[in-house]
Amino acid sequence: MAAEIHSRPQSSRPVLLNKIEGHSDGVNAAVLIPKEDGVITVSEDRYTRAGQPSFCLCPAPCSCISYHHESRRIFIGQDNGAVVEFLISEDFNKMNHVKTYPAHQNRVSDLIFSLESQWVISTGHDKSICWMSTQSGSMLGRHSFGSWASCLQYDSDTQHAFVGDHSGQITLLKLDEQTCSVITTLKGHEGSVGALYWDPVQRWLFSGASDNSVIMWDIGGRQGRTLLLQGHHEKVQALWYLPLTHQLVSCSADGGITVWNMETTREEAPQWLDSDSCQKCGQPFFWNIKQMWDSKTLGLRQHHCRKCGKAICGKCSSKRSTYPIMGFEFQVRMCDDCYDTIKEEDRTPLATFHEGKHNIAHMDMDPSRGLMVTCGSDRVVKVTHSCFISFVLVFYTKITKSKY
């Protein structure tokens, strides 16, 4: 039987399947348990919950989690800087303490367990990344940054780590047993980086930040190609890429869920140009004292056209337009010349917008079941059937039936 694949969602709304309440403080992370009707959550109230029957009280507020289903190992980052490892029973009724790793001097912001290297890698508000052996429990290495390390992704095959920080930078490091080397630093955000997602197949890195934007970094292309995606009104705090559908899902603090079509050909946003006067009419900007004096005119405020990047005055950029092919799903400033070149079909959206209807600080997905779980500071965990990944569910179902 042929697989029926729909390239566009058939419904505009995620369907709420379950709403989990009862946490006494903000929920920092929630992960779906594969092949089970269960969710593991960690929260500021110090509790780790795995479904209804199993819970564990930690010594400090829980900030992040990494769960490995095959080995049933749970790693929990805490506010006091420690990482705690638990082993959960097969029926999810009991959690047994295995080790405590003294990872950081301050809150653990993110962590990842790598089965291939038997490492637990974590970042913290002590401005560092560290990697520890899960076999011996010992610290293998540490690297410090200039500001809080806020989020982390790791490529197990190459042992490369991506670390987003509070200054808006992303550092790429190569981790070894005892040392590490800095490969490069990615700069593009104007606010702190709050979320990262690494796709090891396409070798794309996605980052979301407090400047309300998402950037796709084409690491594998080695050409420095980046794509700017602007479709949120609040800071972006969660990302997930769906390779089968070529879609990126991004979630923001106001509950906004944006689904980006990454299959289409997109254009890079231009670099903003510097100038002392408007590059359209030639009028001086307010810091250009000499031209203001010579022309006996008042200086103007500088703006930039989002399509061409030129420095222009307000009079020469009175128009606003969306330009989805460059990632601008909301109306942005355009110079008059660029505005006139945009056709109506150029304004066709390349993203869809949904409402999570609660603060979203963390998100996890199970594409094979079409499920998404979100959580945040409102102490609520929501499990939804997500319309934008429902066709993956159809694909998996029909392939399974055709086998038998």
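Placement of Cβ uses the backbone N, Cα and C atoms for every residue, glycine included.
The repeat 'WD' annotation in TrEMBL covers 186-219 (among others). Sorting the repeat 'WD' (186-219) by DSSP state (H, G, I as helix; E, B as strand; all else coil) yields 0 helix, 21 strand, 13 coil.
Residues or ranges marked as repeat 'WD' by TrEMBL: 229-270 (among others). Summarising model confidence by region, the repeat 'WD' (229-270) averages a pLDDT of 95.
Marked as domain 'FYVE-type' by TrEMBL: 272-343.
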How many of the residues that make up the domain 'FYVE-type' (272-343) does DSSP mark as helix, as strand and as coil?
-> 19 helix, 20 strand, 33 coil
